[in-house]
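Right, one structure below, let's go through it.
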Amino acid sequence: MQKIVTSMVVHACPMAHVRSSCNLFARADLKVNGFPCKANATADDFFTGVLAKPGATNTTAGSVVTGANVEKVPGLNTLGVSLSRIDYAPGGLNPPHTHPRATEVVFVLYGELDVGFITTANKLFAKTISQGDVFAFPRGLVHFQKNNADKPAAVISAFNSQLPGTQSIAMTLFGASPEVTDDVLAKAFQIGTVEVDKIKAKFAPKK
């Protein structure tokens with residue numbers, strides 16, 4: 001029994017360190033979560049200035065997301081956290097989407113937003129938030145943010161994942177490759193195949 005307990009402690013301790021400081025003790029060939037734990041990590045691996053400036057909001061939806069996740073900040077590997085900045089033009093929308101691996105909490109830098117998420121019981125939780133406010137979107141639930149004001153808005157989003165993932169509902173269904181067949185989408189949305197093709201055309205990759 002004593003051997004079993006000792007073994008459990010020995011194996012548990014390294015895992016605790018892996019979760020807290022992957023890049024501080026790594027071998028050159030070590031990968032965790034698909035990302036390298038750098039054997040020669042420096043302070044720059046734990047730093048980014050990418051969220052300091054507003055992103056360009058001249059997009060179709062009038063919003064842009066700038067991520068500071070493990071892909072941009074290698075030192076986040078195994079820490080289970082990341083940030084994003086979202087900028088919205090007047091009237092801009094961050095379209096309905098989900099984060100399969102994280103809960104999201106937004107902090108409003110400036111402006112005003114109408115935000116909401118939909119539960120698995122199909123209930124909408126919605127709120128108007130403004131500078132200094134915080135709102136949480138539970139993991140995996142469809143949610144959105146809309147700037148209905150005539151001034152720009154911006155938030156900082158915090159995630160309890162180093163790479164939360166984003167799945168946009170419209171893009172997923174109408175921009176998939178290979179395509180979701182027209183008959184599936186027509187029946188799901190109760191529209192004709194002509195309308196399906198028109199919507200697909202809006203999400204087709206630009207050539």
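Cβ coordinates are placed from backbone N, Cα and C, and glycine is handled just like the others.
Note that the structure is predicted; figures quoted are calculated from it, not measured.
Feature annotations, reproduced from TrEMBL:
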BINDING   Asn94, His99, Glu104  oxalate binding site
BINDING   His97, His99, Glu104, His143  Mn(2+) binding site
DOMAIN    48-197  domain 'Cupin type-1'
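Under DSSP, the residues of the domain 'Cupin type-1' (48-197) split into helix, strand and coil as follows: 22 helix, 58 strand, 70 coil. For the binding-site residues shown (Asn94, His97, His99, Glu104, His143), fewest C-beta neighbours within 10 angstroms: His97. The Mn(2+) site is set by His97, His99, Glu104, His143; from the centre of their CB atoms, other residues of the chain with a CB within 8 Å are Thr98, Phe117, Phe137, Leu141, Val142, Pro164, Thr166. Of the recorded residues, His97 (Mn(2+) binding site) and Glu104 (oxalate binding site) place their C-alpha atoms 12 Å from one another. A distance of 9 Å separates the Cα atom of His99 (oxalate binding site) from that of His143 (Mn(2+) binding site).
Mean model confidence for the domain 'Cupin type-1' (48-197) is a pLDDT of 97.
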